Amino acid sequence: MIVSDDVVFEAKQISKLFPGVKALDGVDLTLRAGRLTTLLGENGAGKSTLMKILAGVQPPDEGELLVQGEPVHFTSPRDAQDHGIAMIHQELSLVPDLTVAENIFLGREPLRFETLIDYTELNRQANEWLKRLELDVSPTTPVRRLRVGQQQLVEIARALAGNVRILIMDEPTSAITERETEVLFRCIADLKKQGVAIVYITHRLEELEQIADDIVVMRDGCLIGTAEFGELSHDAMVRMMVGRDVKILSKQSSSNNQPVLRAEGISLSHPTRPGDYLVHEVDMHVCKGEVLGIFGLMGAGRTELLECLFGLHPTASTGQVSMHDRSVRLRNPADAISHGLALVPEDRKQDGLVLSMSVGENASLASLKHAERFGFIDRGREREHTRRFVERFRVKTPSLREKIINLSGGNQQKVILAKWLATGPAVLMLDEPTRGIDIHAKNEIYSLINELTADGLAVIMVSSELPEVMAVSDRILVMCEGRATQSFDRSEATEENILQAALPRRNSIPC
């Protein structure tokens, strides 16, 4: 057993330069066995870049890495893995067409006769990890059929299944439920007892009390400070992260009672279980200038409800939708857009962006008709149309030609918002809009929501963060197992009654 105070990893004076920006500037980091080091900072602070260097994904331009006091040079993630380093990425790195078990043991599959994969043993071992994480899916299920939160748990299982000495966790709880987070924290406690050194990136400061030993704060690619947990207050950590005090913005209540969208009896059949439903007989409405928050545990049907309203399941869904008191048919997303609906999806990189394209190209994708001229795209019109929205949403980018993949998560999310606001919607649907972004970027999103609703836009927001739902929403619809179980006005909503309504029950209510 390694003594808990022993240094197992050091990064010295690490620097990394990307075109137009110095992502890391002389950063030091020390990891000790059996301790969890929390890495804090805004999006764009350099946290993920530093972790990718530690995990062998990217090489440093300057500096030195040492494992157990010995200098190392990683040319690939495999090199890092050979030194006992594993990373759980915030943005999922699973292979969609492989099964859960194949993803967990990818590259280290159990073999028969030294050449053939032993699928019986593969599935058995995978099932043990799924049980440990209390994930109720079959190891033979293709990953593409899992929801984002379930995929995140598979990503965690893959990292834990390796013989790790140093574990890097980048926002591991951003897409999982509170219960699943508790399971993960128990696994973390076990790993610490085994002498594993853990680096943990999070924007959820309330998690630190349960798991953190050491705190490292970064800002603008530089190391700002280090401390043991307990030496810094919550406000002090935030000040170090952003360089100033930050006040969480909340929604200014709307008094408008004019429905823009009304949905009645929305149901979505389960794709593999005849007679079962992912969404069942949900009634709801949202008014002009209002934020309707939708809360529920994983599997409650929140995302599927938004997808039905956006025309993504025309053959499997039923129910009536009206816009401005006129019945509409939503056979596909084009129909939804034409009727004034917009959807910011849960997984921004998979479903919301084209990563190989520029900021400007991404921002214009949903509104190219505004740039059309004689059947062709007028690039000048396209740039002018999208520039207004990119500037309004204060997207931090060197230019509209910058590749979207080079932007921070918060700025990528603002580009997606700009894309959909450029279509001139009446109803904006947001699915986990602040997932994986820092407290300052969250405040910017909240501020934009306030601005948009003040202009009369109706907003439907799905979020797994209960304090966020309560702060931003005028009304809250709670879902469980595909059904609407309760609706609360802002004045009557409490954490207790919302959570009680999120537990399994069989009543359906109008919202």
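Glycine residues also receive a Cβ, built from the backbone N, Cα and C atoms like all the rest.
According to Swiss-Prot, the features are:
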BINDING   G41, E42, N43, G44, A45, G46, K47, S48  ATP binding site
DOMAIN    9-245  domain 'ABC transporter 1'
DOMAIN    261-506  domain 'ABC transporter 2'
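Recorded features from Swiss-Prot, shown on the structure.
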residue	record	contacts (Cβ under 8 Å, 6+ apart)
G41	ATP binding site	K47, V217, M218, R219, I224, M241, D438
E42	ATP binding site	R219, M241, V242, S408, G410, D438, I439, H440, A441
G44	ATP binding site	D220, K396, S408, G410, N411
A45	ATP binding site	M218, R219, D220, G221, M241, D438
G46	ATP binding site	K16, A23, L24, V27, M218, D220, G221, C222
S48	ATP binding site	Q90, D170, I201
Cβ-Cβ neighbours of K47 (ATP binding site) (radius 10 Å)
26
For the domain 'ABC transporter 1' (9-245), mean pLDDT (0 to 100)
89
